[in-house]
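Asks: Dropping the structure in here first, questions after.
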Amino acid sequence: MKCNQCEQTAANDSCTNIGVCGKTDNVSHLQDVLIYALRRLAHAALSARAKGIIVPEIDFFTVQALFITLTNVNFDPNVIERFIEQAIINRKTFAQLRGCKIDNSTRPIEEVKSMMSMPTGIDDFHKDKNNCSAMQMLLYGLKGTSAYAYHAAVLGKDDPNLYEFIYEGLAAGFPDREGNIDKERTLSDWMDLVLRCGKSNLRAMELLESGNVESFGVPTSTKVSLGQKKGKAILVSGHDLKDLYDLLCQTEGTGINIYTHGEMLPAHGYPKLHAFTHLVGHYGTAWQNQHKEISLFPGPVLFTTNCIQNPKEYIENVFTSGVTGWPGVQHCKDGDYSKLIERAKELPGFSEDVPGKELLTGFGKQSLLDAAPVILDSIKSGVLQHIFLVGGCDGAKPGRNYYSEFVEKAPDNTVVLTLGCGKFRFFDKDLGMIGSLPRLIDMGQCNDAYAALQVVTALAEILDCGVNDLPVSLVLSWYEQKAVSILLTLLAAGVKGIRLGPSLPSFVSEDILQLLVKEWGIAPITTPDKDIALLMQ
């Protein structure tokens, strides 16, 4: 085992015995084997595409398979083995469609066993540390992009060109069936692929936003209660709004109340979801606090995506859906939540109403574009001096209190936009108002970075200037691979001066880091006081 794809990797180097996330050496190895199988599949898919052969089901499978290798998504070795076997079957399907002769003497499961004996891991990328670093940036970016592409596809939104790039990225640096390999491309070539990944991720997030809006309505500013309501209860964590919608439909009229958790908070801002009266509030904070929070919740919990941690203390109350999995946890297939609902009826629920603070969410792209005249007038008049986007992933590693302190110390003449689970460091803070604008504006989930970028771009166009000329600064926290893909999107869009923390990715080589500093002005966070002063110059 040698895994360094997340921010909390051991000693800021790599996990070698067991993952900080909880994955075993066996699961880590299976994930490496799955990536290997997907790279082989990618070559077959590209060859088929060259002949005009596209199989949408295999495209969807590919992003689904990449998604399960993200941090804190799926820890079930049986599930990963089935994906490896299906990747082999899909590769042979492409070969047959191209008219190639297939050796069927080896069954897919036997090929899986053969792959299991192969050495895999980080050292397989490239012997040159810089090329190795760029290849890792590309792979982790592809994983994040695939997560968003998966969510978009579930809502009926996809783009053949997006899948084609994912195949191209997977195939890069890996030998095709004739043994040809393009690993020896230059670092500049690798970085070009990395930036193209950022552009592809922008497209994936665009598709997802379109799917969410068409399915659930345009997000609007909405009050959300942090209190509890007497009665049976189900907690929904993750990011998949369709899973939440399906559960709301199936629990309507049952007397069971639904609470959001983690990055499900912005769901309350979507009109079609908010219309369900038994979607009563939000419970808990970010993913790393789930052991304490879930153990106190008097009902079952549904994990629709990452981040799931070892639920051993309450495993009988945990259910998963979609790509998420943990050994021994009940999985809800095909949108059927009957067993989850049965468990909710068995558990006590909340015994009484508990009033809680109310906060605002649902400030999507359209809300801020509608407020653009107010924002621009405030900037021109000097009332609004600066806009900070403070968002990204939260985590357990020390140093993340920086973000709550940053927001608390942001001057009264500034506005803080936020998104992702990083907001839970300060989401319940009352920062007051600037005129008619709240000083703390929750734009949504991590994928709503697309909306934030569109808003900033629109402001720049109105002011006839570049994005980097605006009084806007990005202060980001990262943890897993979706954050990597978003960072690549920002780089591809030419956004400069990003502050990143709490630590820099261990897979980024010193030379590439210097390139990012030189070309994009990326810098590690220091202290809130120093960074605020510098960014407001």
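The backbone N, Cα and C atoms fix where each Cβ goes, and this holds for glycine too.
The shown structure was predicted, so the numbers you read here are calculated from the model rather than taken from an experiment.
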Asks: Look at the hybrid [4Fe-2O-2S] cluster binding annotation in Swiss-Prot, where His239, Glu263, Cys307, Cys421, Cys446, Glu480, Lys482 are given, and name the residue from Cys197, Cys332, Cys393 listed for that site too.
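Replies: The record-listed residue among the candidates is Cys393.
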Asks: Using DSSP and three states only, what is Cys21 ([4Fe-4S] cluster binding site)?
Replies: coil
Asks: Would you find the one among the binding-site residues Cys15, Cys393 whose Cβ has the most company, meaning other Cβ atoms within 10 Å?
Replies: Cys393
Asks: Let me spell it out: for each of the binding-site residues (His239, Lys482), count the other Cβ atoms within 10 Å of that residue's Cβ, using every protein chain shown. Which one has the most?
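Replies: Checking each of His239, Lys482, the winner is Lys482.
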Asks: Can you list, in sequence order, the residues of the same chain other than Cys3, Cys6, Cys15, Cys21 whose CB lies within 8 Å of the CB centroid of the [4Fe-4S] cluster site?
Replies: Asn4, Gln5, Gln8, Thr9, Ala10, Ser14, Gly19, Val20, Lys23, Ser28, Thr71
Asks: Helix, strand or coil by DSSP: which one applies to Lys482 (hybrid [4Fe-2O-2S] cluster binding site)?
Replies: helix
Asks: Rounded to a whole angstrom, what is the C-alpha distance between Cys15 ([4Fe-4S] cluster binding site) and Glu480 (hybrid [4Fe-2O-2S] cluster binding site)?
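Replies: Given the Cα positions, Cys15 ([4Fe-4S] cluster binding site) is 14 Å from Glu480 (hybrid [4Fe-2O-2S] cluster binding site).
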Asks: Which three-state DSSP class does His239 (hybrid [4Fe-2O-2S] cluster binding site) fall into?
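Replies: The residue in question, His239 (hybrid [4Fe-2O-2S] cluster binding site), is coil (DSSP, three-state).
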